[in-house]
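Notes for the one structure printed next.
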Amino acid sequence: MSADCEGNSTCPANSTEEDPPVGMEGQGSLKLVFTVLSAVMVGLVMFSFGCSVESRKLWLHLRRPWGIAVGLLCQFGLMPLTAYLLAIGFGLKPFQAIAVLIMGSCPGGTVSNVLTFWVDGDMDLSISMTTCSTVAALGMMPLCLYVYTRSWTLPQSLTIPYQSIGITLVSLVVPVASGIYVNYRWPKQATFILKVGAAVGGMLLLVVAVTGVVLAKGWNIDVTLLVISCIFPLVGHVMGFLLAFLTHQSWQRCRTISIETGAQNIQLCIAMMQLSFSAEYLVQLLNFALAYGLFQVLHGLLIVAAYQAYKRRQKSQYRRQHPECQDISSEKQPRETSAFLDKGAEAAVTLGLEQHHRTAELTSHVPSCE
C-alpha cells in the first residue's frame, strides 16, 4: 500500500514535532467534547444496556450466530465495498480515498447500541455484534485496507491502532459483563438502571448532534467529503437492512443489523488517521470523521423518530379497532421489545431460520393493548 498522496505530495506518518496547521487550533474544544462524551457514553450506557442482556440469550446467540454472521458480513463486507465505490465514484484524491476506506473498515460503535434500544431492536444481538466486530477488526481492518487501497498508492504503510482497539474492547466487555451480573442478581434494579442509561444515552446523542452542528461552521472540509459523510451512513443502514431481510432475519433483527451497519466507531477511525497521516492532511480528514459521526447521529435520531411515530400510529389504530383495550390498565412491558418478540428471537436461535420466519409471521399478528 504505497504511492503518491496528491500528485507529487506524500503522506508521511504523523509526527509529534510538527506544529498543527492552520485550522487545527480551533479543534481542541471539539475533540475534548467528543472525547469526554464518548467516554461517558461507553461507560454508563454499555453498563446500563448490559442490564438488559440475559446470559442465556447471549449464549444462544453465540452458539448459533446467524444474526452475528450477517452483521459481520455487512460490517466488513458491505461497508468497505461501499467506501471503495464512493471513493471511485466521486473521484477522490488518494489521501481522501484512504480516509473513506478507513472509515468503512472500522467496526461498529457504541452509538448503535443506543439507537437499537430506541427502535426496539435485539439488544443481545446488538451488543454481541459490537463486541464481535471489534474483535474481528484486529484482523479484518488490515485485510480490508490491503484489498481496497491497492487502487491508490501511499509512500508509507497505514498503521492499525491496535492499542485503541484493545481499549475499546475493555470499555465494552467490562461494563456489559457488570450489567449482565447486575441483571442476574438484581433484576428489578437492573430495569431501573436500563431506563436511566437509555435516557442518558439519548440525551448524550442530542448533545453530540447539537454540539456538532454549532461547531461545524468552522470546519475545514472538502465539499465532496462532506457529501460522502452524509450519504455513507445512510447507504450502510439501507444495505444492512436489505441483506438482513434477504437472509430471512426477523424484523427486529433487520432493524438491529441496519443500525449496526451504518454506525461506525469514529474514535478508532480518528486514531488510525492520526497514526497514518501528517498534520497537513489531518485538517480535512479529521473533520471528515467528525462529520460522519455527526451525520450518523442525525440519521439515527431521524430513524428513531420515524419508528416511534409509526409505532404510536399502529397502536392508536389498533385501539380504535378494539375499544376494549381502552379499559385495560396494562402494566408496562419490559423495554426490550414485547414478550412475543423475545420468544421469536429465541426461536430464531433454537429452531433455525425457516422455522423462525414462520414463528415471526405468526407472532407478529398477536394483538396487544400496550
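Just so you know, the numbers here start at 1 and follow the chain as drawn.
The backbone N, Cα and C atoms fix where each Cβ goes, glycine too.
The topological domain 'Extracellular' annotation in Swiss-Prot covers 1-32 (among others).
The region 'Disordered' annotation in Swiss-Prot covers 1-24.
Residues annotated as N-linked glycosylation site in Swiss-Prot, with sequence analysis given as evidence: Asn8 (among others).
Residues or ranges marked as N-linked glycosylation site by Swiss-Prot: Asn14 (among others).
Annotated transmembrane segment per Swiss-Prot: 33-53 (among others), in sequence order, evidence recorded as sequence analysis.
Taken together, the residues of the topological domain 'Cytoplasmic' (54-67) have an average pLDDT of 82. Annotated topological domain 'Cytoplasmic' per Swiss-Prot: 54-67 (among others), in sequence order.
Annotated transmembrane segment per Swiss-Prot: 68-88 (among others), in sequence order. Under 8 Å from some Cβ of the transmembrane segment (68-88) lie the Cβ atoms of residues 61-62, 96-97, 100-101, 103-105, 107-108, 125, 128-129, 132-133, 136, 140, 144, 147-148, 151, 228, 231-232, 235-236, 239-240, 243-244, 247, 249, 253, 256-257, 260-261, 264, all in the same chain and six or more residues away from its ends.
The topological domain 'Extracellular' annotation in Swiss-Prot covers 89-97 (among others), and the record cites sequence analysis as its basis.
Summarising the annotation, Swiss-Prot assigns transmembrane segment to 98-118 (among others). Long-range contacts of the transmembrane segment (98-118) within its own chain (CB-CB distance under 8 A, at least 6 residues past either end) are made by residues 11, 38, 41-42, 45-46, 49, 52, 71, 75-76, 79-84, 86-87, 92, 126-127, 129-130, 133-134, 136-137, 140-141, 144-145, 148-149, 152, 154, 158, 165, 168, 172, 198, 201-202, 204-205, 225, 228, 232, 255-256, 259-269, 272-273, 276-277, 285, 288-289, 292-293, 296-297, 300, 303-304, 307-308, 335-336.
Annotation source Swiss-Prot lists topological domain 'Cytoplasmic' at 119-126 (among others), citing sequence analysis.
Long-range neighbours of the transmembrane segment (127-147) within the same chain, counting only residues 6 or more positions beyond its ends whose Cβ lies under 8 Å from a Cβ of the stretch, are 1, 46, 49-50, 53, 58, 61-62, 65, 67-68, 71-72, 75-76, 80, 101-102, 104-110, 112-113, 158, 160, 162, 165, 168-169, 172-173, 176, 256-257, 260, 265, 268, 272. Among the features that Swiss-Prot reports, transmembrane segment is placed at 127-147 (among others), with the record citing sequence analysis.
Look at Swiss-Prot and you will find 148-159 (among others) tagged as topological domain 'Extracellular', backed by sequence analysis.
Feature annotation from Swiss-Prot assigns transmembrane segment to 160-180 (among others); the stated evidence is sequence analysis.
The topological domain 'Cytoplasmic' annotation in Swiss-Prot covers 181-195 (among others) and is backed by sequence analysis.
Taken from Swiss-Prot, the feature transmembrane segment applies to 196-216 (among others), supported by sequence analysis.
Summarising the annotation, Swiss-Prot assigns topological domain 'Extracellular' to 217-224 (among others) and lists sequence analysis as the type of evidence.
Residues 66-67, 70-71, 74-75, 78-79, 103-104, 106-112, 115-116, 119-122, 125-126, 129-130, 133-134, 168, 233-240, 292, 296, 299-300, 303, 307, 337, 341, 344-345, 348, 353-354, 356-357, 360, 364 of the same chain lie 6 or more positions beyond the ends of the topological domain 'Cytoplasmic' (246-265) yet place their CB under 8 Å from a CB of it. Summarised by DSSP class, the composition of the topological domain 'Cytoplasmic' (54-67) is 11 helix, 0 strand, 3 coil.
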